[in-house]
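If you check Swiss-Prot, you get these features:
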- CYS95-CYS187: disulfide bond (DISULFID)
- ASN3: N-linked glycosylation site (CARBOHYD)
- 1-23: topological domain 'Extracellular' (TOPO_DOM)
- 45-52: topological domain 'Cytoplasmic' (TOPO_DOM)
- 74-97: topological domain 'Extracellular' (TOPO_DOM)
- 119-137: topological domain 'Cytoplasmic' (TOPO_DOM)
- 159-194: topological domain 'Extracellular' (TOPO_DOM)
- 216-235: topological domain 'Cytoplasmic' (TOPO_DOM)
- 257-269: topological domain 'Extracellular' (TOPO_DOM)
- 291-307: topological domain 'Cytoplasmic' (TOPO_DOM)
- 24-44: transmembrane segment (TRANSMEM)
- 53-73: transmembrane segment (TRANSMEM)
- 98-118: transmembrane segment (TRANSMEM)
- 138-158: transmembrane segment (TRANSMEM)
- 195-215: transmembrane segment (TRANSMEM)
- 236-256: transmembrane segment (TRANSMEM)
- 270-290: transmembrane segment (TRANSMEM)
Amino acid sequence: MLNFTDVTEFILLGLTSRREWQVLFFIIFLVVYIITMVGNIGMMVLIKVSPQLNNPMYFFLSHLSFVDVWFSSNVTPKMLENLLSDKKTITYAGCLVQCFFFIALVHVEIFILAAMAFDRYMAIGNPLLYGSKMSRVVCIRLITFPYIYGFLTSLAATLWTYGLYFCGKIEINHFYCADPPLIKMACAGTFVKEYTMIILAGINFTYSLTVIIISYLFILIAILRMRSAEGRQKAFSTCGSHLTAVIIFYGTLIFMYLRRPTEESVEQGKMVAVFYTTVIPMLNPMIYSLRNKDVKKAMMKVISRSC
């Protein structure tokens with residue numbers, strides 16, 4: 001008979017047990033977190049105050065920045081606290097909350113990226129109908145679905161996490177409460193959780209990625225039909241930022257969640273998780289601003305008005 005324990009908290013093993021590395025990581029991730037907050041909040045404010053950015057593309061981008069703020073804030077503050085603390089713990093309730101928001105925000109982000117791909121197709125493939133087809137009402141509907149679906153999916157996934165049983169050590173080999181190390185640590189109730197995690201991740205990633213791939217196939221066809229070299233260059237420039245963000249985000253998530261949790265995969269996943277929980281939210285504003293002339297112009301106007 002299994003010796004189940006009434007878990008009240010978990011120990012987060014984090015990235016390293018060496019004190020000198022912990023201090024270094026604290027400084028690095030604090031700087032990354034500050035840049036993430038400034039970049040994403042700055043992007044939201046810029047889109048809000050700039051009339052030239054008042055179109056569907058930047059409407060979706062503002063929501064992507066909003067999700068990245070919460071995505072990073074769900075993990076980073078607790079990680080920073082534990083890097084300097086001798087007691088590297090998280091309560092059971094705190095762990096479930098972290099799991100809930102993490103899964104919800106991942107699903108919201110992948111479907112926002114899909115909506116952005118569809119928006120780019122409408123702008124490039126049907127420019128004359130773009131204004132009527134991508135109206136404010138349509139954009140609100142497209143952005144509402146990811147939030148509702150993401151949070152409902154996360155609620156179900158978190159309830160399955162709640163059904164896990166733990167015995168013996170309650171050490172999570174990670175720097176936040178992630179599903180793979182929790183499943184690896186559990187001693188019962190893992191079957192449903194493990195396979196629903198893989199199936200749900202597979203279905204949602206496949207569906208959203210299919211929308212993106214189909215949208216880009218139509219975009220490519222539309223670009224090849226363009227007679228103007230300048231038009232082609234502008235279209236490629238517009239899509240390049242989004243495509244870069246898609247490849248980085250999906251690549252890391254697929255590596256993390258579409259494999260059965262093993263000791264090796266959990267250890268590898270921990271390194272990958274650093275990238276998509278801290279680095280990607282920091283990079284997104286840079287990706288979308290450095291390669292976007294409209295954002296640069298809007299930024300210069302705001303700076304010139306404030307000087």
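Including glycine, each Cβ sits where the backbone N, Cα and C put it.
Since this is a predicted model, take the numbers as computed values, not measurements.
Counting only same-chain residues at least 6 apart in sequence, those with a Cβ under 8 Å from the Cβ of CYS95 (disulfide bond) are PHE10, ILE172, CYS177, LEU182. Summarising model confidence by region, the topological domain 'Cytoplasmic' (216-235) averages a pLDDT of 83.
Counting Cβ pairs under 8 Å to the transmembrane segment (195-215), the stretch among 98-118, 138-158, 270-290 with the most such contacts is 98-118. For the topological domain 'Cytoplasmic' (216-235), the list of distant contacts is 117, 120-121, 124-125, 243: same-chain residues at least six beyond its ends, Cβ to Cβ under 8 Å. Broken down by DSSP into helix, strand and coil, the topological domain 'Cytoplasmic' (291-307) contains 14 helix, 0 strand, 3 coil. Same-chain residues lying 6 or more positions outside the topological domain 'Cytoplasmic' (45-52) and placing a CB less than 8 Å from one of its CB atoms are 58-59, 61-62, 294-295, 297-299, 301-302. Under the criterion of 3 or more C-beta pairs below 8 Å, with sequence separation of 6 or more, the transmembrane segment (236-256) and the transmembrane segment (98-118) qualify as touching. According to DSSP, CYS95 (disulfide bond) sits within a helical segment.
Of all Cβ atoms in the protein chains displayed, 14 besides its own lie within 10 Å of the Cβ of CYS187 (disulfide bond).
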